[in-house]
Amino acid sequence: MAQPDKKFFENLSGTGKAIAVLTSGGDAQGMNAAVRAVVRMGIYVGAKVYLVHEGYQGMVDGGHNIIEVSWESVSSILQVGGTVIGSARCKAFRSHEGRLQAAYNLIKCGITNLCVIGGDGSLTGANLFREEWSGLLEELVKGGKIERGTAQKYTHINIVGMVGSIDNDFCGTDMTIGTDSALHRIIEVVDAIMTTAQSHQRTFVLEVMGRHCGYLALVSALACGADWVFIPECPPQEGWEDQMCTKLSENRAQKKRLNIIIVSEGAIDTHNNPITSEKVKDLVVSCLGFDTRVTILGHVQRGGTPSAFDRILASRMGVEAVLALLEATPDTPACVVSLCGNQAVRLPLMECVQMTQEVQKAMDERRFEDAVRLRGRSFENNLNTYKLLSHKKSVSELPKSNFNVAVLNVGAPAAGMNGAVRSAVRVGITEGHKMFAVNDGFEGFAKGQIKEIQWGDVGGWTGQGGSLLGTKRTLPAKYLKQIADQIRTHNISALLIIGGFEAYESLLQLAEARAGHEAFCIPMCILPATISNNVPGTDFSIGADTALNAIMETCDRIKLSASGTKRRVFIIETMGGFCGYLANMGALASGADAAYVFEEPFDIRDLQANVEHLTEKMKTGIQRGLVLRNENCNENYTTDFIYQLYSEEGKGVFDCRKNVLGHMQQGGAPSPFDRNFGTKISAKAIQWISRKLKENYRQGRVFANAEDTVCLLGMHRRNLHFQPVVQLKAETDFEHRIPKEQWWLKMRPLMKILAKYKTSYDVSDSGQLEHVRRPRGQTDTGPI
């Protein structure tokens, strides 16, 4: 089949165009990364780029609030929270006179392309401005403020929006800029509170932001294993007071030393009456007499440095926004750049706004099920998973499946593995299975280190790094007979393996061993968990986001060190085996000048070009450099070699330092993304195992030998997919332990463009304006 023609952005020119970017409404971490990406991409394509300070107020006031900027103007803002160009609520822009003045100020600068970073109110205002544009120009002509020729030259304005909101309250996108960073702040506080709460056997009621949307409360409850959560979209049933108190007292009776309750600031009951954190505290104290404290997080959630996820998301969206402006015609509706799964998409702005308003309308009318559905499949999946994990049924309520399911970790430890195990155990028990934990991977399996694991055994596991079950890189091939014996001894009906490339290879070996060992004819599933993100069949692996944040935080500190000494270049070595994911995405998140990866071969000429590029950079106001190198990118061009080359070639211009990050990338508490991702895919995997057990149960036993009973659950582009591991063999480079095709390589040009390198950028996936998907019935696969 003929491949469709690839489309490259070199064919899109910004020459003669002017782009303005503004931030409006509430601030959110990552807005600066979006501003930086718009400015640099705009300048890269030859357009003039203007920053509008103080949001719409600056557009109305004009003058020094609208300034043309250079490449260096947005240096050092990537890691800064909030918005450096300011944001303001603007009453003037809501009036016709205010918009007329704003149009005049833009025309004076020749600006007809506007990029707005804000919430639904800011974006609605931008759309109204676009609709009125021709009328506003006509008024300016009649008022003698502009010439008729000027009005004819600037007949229309193009609007592209990016959603910056920590609440994640905008329909049409899975994540808004700032949400992941806000979750980082919440989880940091929860982790800290847990230690003091355990010391004193306390109950903590945490109030988080979200006046109209419970996303932050719901996902943080999922990520920390909270006992109860209150959100506006799903009020508790009548009699919730007694139910909650019963659950809290049961937990205490089971020797749990703390209780965490999370309340969204907009939480309501089924009659739309507010449920406040103080009300919840008073209830717990009066009913149970527990020592209870309230912590209101407030603006802490808006503060701090943006997470790696937000920096990369904002950078991708900023570049996509410029492409959308370059491709826009007078007939193109105002669009918003959104994230669907792992894909940047363009959606009509007003369709998204309309659906967002429908959610609020549904809540006002107490149609809460509709409100949850309208929030999107991602939100609905979060809610369903939380319900599965948090409400332990009594023994009499549980179904009896008579199936034993074993869970084990294989390969190197990855942050988030423990959360995935907890999820698997609790969902498995809810499904009626007996759950068994295997210690120390297949080595432990062969030795019989297998024991039943109960609901309470996995309490508090989500926030812990490493692998509490123990993990080994050993493959099962040399222990096949012993493992088969243990499967029979413990009557194991299905396997869930959580791990990296070794786990994938293990499952291939077990699938091949089915011919000689009938014990392996059971459903088996792997969840990818490795910091290297090198498992085929998935865009993301559990643990990679935590490692990326560790790299980014170190790079931020190193950049501060370099800014003090000036004229210094740091060479930083990352882990990942032969997979360059961490080096490349770490470079994008930290604003590095170059990243050397195995997947993109380089030679001495490339190294020389990088040195020359840094030499030129030292002549500007940005007198520092950051270069990332994947540990196995080239056997000859080692970190020491590159360090010595840069030191020699940069003599008299800059000096060099090197830093090998090592195992710090593997440690630490899991990030909110890894906790959430691991929890949800693990729950989905157990549900898949339950279905396969029923389908393959015949004559009193499980017998599963079809390809589709040995699968990997991965996220690809927009959805989660179960893929038979045998089919993934063709997609795997076994020598280098990486997939043959990797999505993040499309991010390589993005990193280079933002570092001021000339490069080619394939934009074949861009350019299509899609429509907002109306909610339908829930399917098994879908966005996370």
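Just so you know, the numbers here start at 1 and follow the chain as drawn.
Each residue, glycine too, has its Cβ placed from N, Cα and C.
Annotations in TrEMBL come from automatic prediction, not curation.
Noted in TrEMBL for the protein shown:
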- Asp167: active site, proton acceptor (ACT_SITE)
- Gly26, Arg89, Cys90, Gly119, Asp120, Gly121, Ser122: ATP binding site (BINDING)
- Asp120: Mg(2+) binding site (BINDING)
- Ser165, Ile166, Asp167, Arg202, Met209, Gly210, Arg211, Glu265, Arg293, His299, Val300, Gln301, Arg302: substrate binding site (BINDING)
- Arg473, 530-534, Arg568, 575-577, Glu631, Arg657, 663-666, Arg737: beta-D-fructose 2,6-bisphosphate binding site (BINDING)
- 19-324: domain 'Phosphofructokinase' (DOMAIN)
- 404-689: domain 'Phosphofructokinase' (DOMAIN)
- 1-391: region 'N-terminal catalytic PFK domain 1' (REGION)
- 404-784: region 'C-terminal regulatory PFK domain 2' (REGION)
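TrEMBL feature annotations superimposed on the structure.
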residue: Gly26; record: ATP binding site; Cβ within 10 Å: 21
residue: Arg89; record: ATP binding site; Cβ within 10 Å: 14
residue: Gly119; record: ATP binding site; Cβ within 10 Å: 22
residue: Ser122; record: ATP binding site; Cβ within 10 Å: 25
residue: Ser165; record: substrate binding site; Cβ within 10 Å: 25
residue: Arg293; record: substrate binding site; Cβ within 10 Å: 14
residue: Arg473; record: beta-D-fructose 2,6-bisphosphate binding site; Cβ within 10 Å: 17
residue: Arg568; record: beta-D-fructose 2,6-bisphosphate binding site; Cβ within 10 Å: 21
residue: Gly577; record: beta-D-fructose 2,6-bisphosphate binding site; Cβ within 10 Å: 21
residue: Gln666; record: beta-D-fructose 2,6-bisphosphate binding site; Cβ within 10 Å: 21
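Neighbour counts of Cβ atoms within 10 Å were taken for the binding-site residues Cys90, Met209, Val300; the minimum is at Val300. Taking the C-alpha positions, the distance from His663 (beta-D-fructose 2,6-bisphosphate binding site) to Cys90 (ATP binding site) comes to 49 Å. Cβ neighbour count for Asp120 (ATP binding site) (all protein chains, 10 Å cutoff from its Cβ): 25.
The Cβ of Asp167 (active site, proton acceptor) lies under 8 Å from the Cβ of Thr176, Thr179, Met209, Gly210, Arg211, His212, Cys213, Tyr215, Leu216, each on the same chain and at least six residues away in sequence. Our reading of the ATP binding annotation (Gly26, Arg89, Cys90, Gly119, Asp120, Gly121, Ser122) yields a largest Cα to Cα distance of 14 angstrom. Long-range neighbours of Arg302 (substrate binding site) (same chain, six or more residues apart, CB within less than 8 Å of its CB): Gly26, Asp27, Ala28, Gln29, Gly81, Gly82, Ile166, Gly178, Ala182, Met209. Restricting the average to the domain 'Phosphofructokinase' (404-689) gives a pLDDT of 94. Highlighted in sequence order, Ser24, Gly25, Gly118, Gly125 have their Cβ within 8 Å of the centre of the Cβ atoms of Gly26, Arg89, Cys90, Gly119, Asp120, Gly121, Ser122, the residues recorded for ATP, and are not part of that set. Comparing C-alpha positions, Ser532 (beta-D-fructose 2,6-bisphosphate binding site) sits nearest to Asp120 among the binding-site residues Arg89, Asp120, Gly121, Arg293.
Across the structure, Arg568 (beta-D-fructose 2,6-bisphosphate binding site) and Cys90 (ATP binding site) place their CA atoms 43 angstrom apart. On a Cα basis, Gln666 (beta-D-fructose 2,6-bisphosphate binding site) lies 40 Å away from Ser122 (ATP binding site). Here the binding residues for substrate are Ser165, Ile166, Asp167, Arg202, Met209, Gly210, Arg211, Glu265, Arg293, His299, Val300, Gln301, Arg302. Their largest Cα to Cα distance works out to 32 Å. Here Gly121 (ATP binding site) comes close to Gly25: these same-chain residues lie at least six apart in sequence, with C-beta atoms under 8 angstroms from its C-beta.
Take the CB of Arg211 (substrate binding site) and look out to 10 A: across all protein chains shown you find 12 other CB atoms. Checked against Asp120 (ATP binding site), the binding-site residues Ser165, Arg293, Val300, Gly577, Gln666 differ in C-alpha distance, with Ser165 being the nearest. Counting Cβ atoms from all protein chains shown, Ser532 (beta-D-fructose 2,6-bisphosphate binding site) has 29 others lying within 10 Å of its own Cβ.
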